[in-house]
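These come from TrEMBL:
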{"type": "BINDING", "residues": "Lys528", "note": "ATP binding site"}
{"type": "DOMAIN", "residues": "34-155", "note": "domain 'Bulb-type lectin'"}
{"type": "DOMAIN", "residues": "349-433", "note": "domain 'Apple'"}
{"type": "DOMAIN", "residues": "500-726", "note": "domain 'Protein kinase'"}
{"type": "TRANSMEM", "residues": "445-466", "note": "transmembrane segment"}
Amino acid sequence: MSNNRELLYSMKILSFMILVICIVVPSLRICVADDSINVLQSMSDGERLVSKGGNFELGFFSPGSSQKRYVGIWYKNIPTQTVVWVANGANPINDSSGILTLNTTGNLVLTQNGSIVWYTNNSHKQAQNPVVELLDSGNLVIRNDGESNPEAYLWQSFDYPSHALLPGMKFGRDLRTGLERRYTAWKSPEDPSPGDVYGVLKPYNYPEFYMMKGEKKLLRQGPWNGLYFSGFPDLQNNTIFGINFVSNKDEIYYTFSLVKSSVVTINVINQTGRTYRYVWVEGDQNWRIYISQPKDFCDTYGLCGAYGSCMISQTQVCQCLKGFSPKSPQAWASSDWTQGCVRNNPLSCHGEDKDGFVKFEGFKVPDSTHTWVDESIGLEECRVKCLSNCSCMAYTNSDIRGEGSGCVMWFGDLIDMKQLQTGGQDLYIRMPASELEHKKNTKTIVASTVAAIGGVLLLLSTYFICRIRRNNAEKDKTEKDGVNLTTFDFSSISYATNHFSENNKLGQGGFGSVYKGILLDGQEIAVKRLSETSRQGLNEFQNEVKLIAKLQHRNLVKLLGCSIQKDEKLLIYELMPNRSLDHFIFDSTRRTLLDWVKRFEIIDGIARGLLYLHQDSRLKIIHRDLKTSNVLLDSNMNPKISDFGMARTFGLDQDEANTNRIMGTYGYMPPEYAVHGFFSVKSDVFSFGVIVLEIISGRKIRGFCDPYHNLNLLGHVGVNKSNLYA
Ligand SMILES: *[C@@H]1O[C@H](CO)[C@@H](O)[C@H](O)[C@H]1NC(C)=O
Ligand SMILES: *[C@@H]1O[C@H](CO)[C@@H](O)[C@H](O)[C@H]1NC(C)=O
Ligand SMILES: *[C@@H]1O[C@H](CO)[C@@H](O)[C@H](O)[C@H]1NC(C)=O
Ligand SMILES: *[C@@H]1O[C@H](CO)[C@@H](O)[C@H](O)[C@H]1NC(C)=O
């Protein structure tokens, strides 16, 4: 009895003590692991701090199979632990005895058994009632209670990036305080101590971001030209992130922001000398690489040496600029380009013959270490200035927005230039008069020739210009003709299809391959990537896009958009999960899934789609390549006609046309088209008939062989029909 009473008494004392402790020592409020309390006085291993909106979590972790303990920040809702920041990367704790404390002068101190492992050193600002808060952006901040101005934070983790850049993080330099925000690769996935590969802003007159390995430059973004980093024009207007570059007397930095706040993306630098931009794909529950740099071999810093330019599509990627030759022809021939190129003719500078400039287009501008910028003058003044200084080797606009503005000049040898496939800038490179003379001479010859025949041509050209103008006017009209089509950027589609991986390939057609993809919003798509060698040229491509964008019918496949980037032409369709009709009717097992009712419905659907094309849509369209592999099936086995690459529009009053380019698939073509090139709605009806036969018989038009008459399916049916009437 008395024992019981004693127990009750001690329990009462205990709960009273807990109450007192919890009131007196506020830090105990975060005893609970995933509490969202954001004020912290001290935290031990096992406890966590969660940002208000629940995006990020701060706590102790061990990377990979390592046993060591680190304080870090990771995404709370992403199951594969993704650490975006680490405090004591270089000074791990070897057990779980670490304690993180905020002391009264506003510094976080990480201790193990009383000795300091890591600490923040805020010595500039006065702390008054400091608090620690993990923000939903992933930024860990120390601020005075009530202070919300970011500029007044006592300390913030965003100023000391680890290996990852998060949206909103400034990457660059504060010129007032000298604070340099760089990001540094982890030594290995198991070891978050800083490796020797890092990304950094070099605050040259024309500032640039570099990836470095120790003191060695690995890769250069190219300076910001108002629209993009000179070497990566394809990152502008991408669908994942926006780039914001700021350069003024106080600071130079770059931040990125999310286009859609729901899309999680980070930029991670890796000890292998690569950066990866990952995007979290909810459907996959996985990070996918959206972009990785270096993008190609030509991004290797200084690969082609001085006055060499790199072009990835060439077999010898390095070429000397026009007017230059390899310094060492032997080395150059054996693909050692590092010695670069030298001028064929020397510059004279102030000599008798004045130097001049040659314009190079589509360039990543050279390394900007020795540059000079004047934003207040334009291109012409820039040229004059550059000409007057013998060591000025090139110039261009410092900002290429609009007409272009500002002036940047390069001194000394020009290195690390790249001839870009798409985009790129103009660069004016100094050349001796002799190199220019040559050009002038050709120009003069051309000019005089033109002058000689000019009189005759003038009359003719006026006539042609008028015709072209009229054609253009018509073209504009059709293009504006109510087509509401999304243009996707190439990189987002490349990303959606896992960079057109073999695993995503759905099939291969005459015009290229079709890939399955998932857009970031989860929508499944089929991407038709037209091969460069495909017969479908730009015309046919635009034809298909324009045609199908105008068509809306449940028995026609829906085009979601397209993407054109130089030689890459992509069509993006809704994904048809059951693929195409030939997949079913010619396969002995899958065929059994199609009973007669279903087959009738499919035939009926194709007929409806076709009727819409021929009659009911605003245009009269002949498909010209109707066949079972061009009839796709949705999840309910509803047929949808696809592949309008060869379709032709007809005037509504036009019934027949002729072509001298027979396209389509033999077997499905009516004889008058195959032989004479005549086509009309009847051609499609013929093909439809063939499809009906195939659906009913389960035989291929071309694979069938009638044992008695040596006829194909069509002939066989015809023969039997004539037997019937006989
Ligand atoms: C807080 O920690 C910092 C860093 O260790 C130290 O410089 C400072 O003296 C500490 N302040 C107090 C009051 O202990
Ligand atoms: C903690 O530090 C004290 C004094 O420095 C030392 O005697 C003790 O062995 C340490 N304990 C552990 C577990 O390292
Ligand atoms: C570097 O990237 C490779 C490939 O993505 C990855 O396996 C490796 O873990 C990364 N290394 C680091 C240190 O992050
Ligand atoms: C040419 O420009 C460089 C770099 O700005 C400068 O150091 C040099 O003095 C200039 N030379 C002349 C002759 O102006």
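Cβ from N, Cα, C; glycine included.
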Other CB atoms, at most 10 A from the CB of Lys528 (ATP binding site): 25
Could you put numbers on the helix, strand and coil content of the domain 'Bulb-type lectin' (34-155), residue by residue per DSSP? 3 helix, 49 strand, 70 coil
Composition by DSSP (helix, strand, coil) of residues within the domain 'Apple' (349-433): 10 helix, 35 strand, 40 coil
Give the mean pLDDT for the domain 'Protein kinase' (500-726) on the 0 to 100 scale. 77
